[in-house]
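Novice: First the structure, then my questions, so here it is.
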Amino acid sequence: MLQQAIDRDPVDRIDRYPTRTAEPAPHIERLDPTVWGEVHSEQLSTFDRDGFSIMENLLSPEEVSEFRAEVERLAADKSLLDDERVIREKTSNRVRSVFEVHKLSAAVADLVRQTRIVGLARQVLGSDVYLHQTRINYMPGFRGTGFYWHSDFETWHAEDGMPAPRAVSLSIALTDNYPFNGSLMVMPGSHRTFVPCVGATPADHYRESLREQEIGVPSTEDITVLAQRYGITQFTGRAGSALLFDSNVMHGSANNITPFPRSNIFLVFNSVENTLVEPFAAPAPRPTYIGSRDFTPL
């Protein structure tokens with residue numbers, strides 16, 4: 001059932017994570033749990049401590065081949081040439097991301113409902129979950145553009161109206177991730193610190209930010225402080241491995257100037273107890289293919 005942003009008690013509209021401010025603001029220590037369910041495994045303990053957990057061989061080699069063919073099909077699909085869900089590189093015009101991929105691919109639609117996938121999110125979030133966002137990311141060799149340091153929750157809170165960081169992302173690698181081909185960098189433990197960002201959100205900001213984000217990113221001073229406090233590590237591994245990470249963990253990736261491309265399936269699960277309201281720091285919500293307002297549990 002499709003639901004619109006619902007009216008809530010005024011207490012739910014208290015902004016506990018203010019951002020997009022006129023002036024730099026102090027960091028905010030996280031006010032919410034990092035694992036909402038019981039911590040009863042080493043994997044959940046690692047997630048609680050670091051804000052992420054790596055799973056080897058989440059997909060079999062056969063599944064990797066099937067999904068790789070599927071994402072290549074979507075990137076080449078001429079019927080999607082003018083589709084808003086397809087985001088292209090700012091300079092090369094190559095496909096960068098395809099959003100709402102679970103509605104474009106029956107294979108992905110089946111994958112997101114499998115217990116081995118959605119069960120991970122339920123464990124961390126301690127509730128039923130729904131899909132906040134799905135997409136495929138492409139980083140071609142030589143000209144693949146990275147993502148600057150950011151917290152996903154900062155954007156989802158400011159522009160989608162997500163009240164709390166009670167959401168998790170699952171990035172499933174469809175290609176080998178090396179330290180040198182733009183693999184994701186994360187700051188272990190940074191999910192416990194919310195970094196307010198400076199600058200008002202323009203109307204339709206998503207049209208530019210999905211290609212190159214300049215508003216809603218931390219300052220170099222912020223990144224320096226966090227890196228010194230938490231350090232930086234990389235998600236590397238064979239195709240089929242996956243990274244489950246907290247919505248507020250600080251992460252980013254460098255450009256890929258190697259011949260080795262990267263691609264991944266990116267799934268975002270939000271708790272049904274954390275459904276979207278009106279944006280906290282934007283003129284209007286982003287389109288539903290970016291921030292879903294269908295809160296039907298999986």
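Heads up, the Cβ atoms here are built off N, Cα and C, so glycines get one too.
What you see is a predicted model, and the numbers here were worked out from it, not measured in a lab.
Not my notes, these are from Swiss-Prot:
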BINDING   Gln133  L-ectoine binding site
COMPBIAS  1-18  compositional bias 'Basic and acidic residues'
REGION    1-26  region 'Disordered'
SITE      Trp156  site 'Important for ectoine stabilization'
Novice: Report, in whole Å, the straight Cα-to-Cα distance of Trp156 (site 'Important for ectoine stabilization') from Gln133 (L-ectoine binding site).
Specialist: 10
Novice: Within 10 Å of the Cβ of Gln133 (L-ectoine binding site), how many other Cβ atoms can be counted across all chains shown?
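Specialist: Here the count is 24.
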Novice: Counting across all protein chains present, how many other Cβ atoms fall within 10 Å of the Cβ of Trp156 (site 'Important for ectoine stabilization')?
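Specialist: Step by step: centre on the Cβ of Trp156 (site 'Important for ectoine stabilization'), count other Cβ atoms within 10 Å, giving 26.
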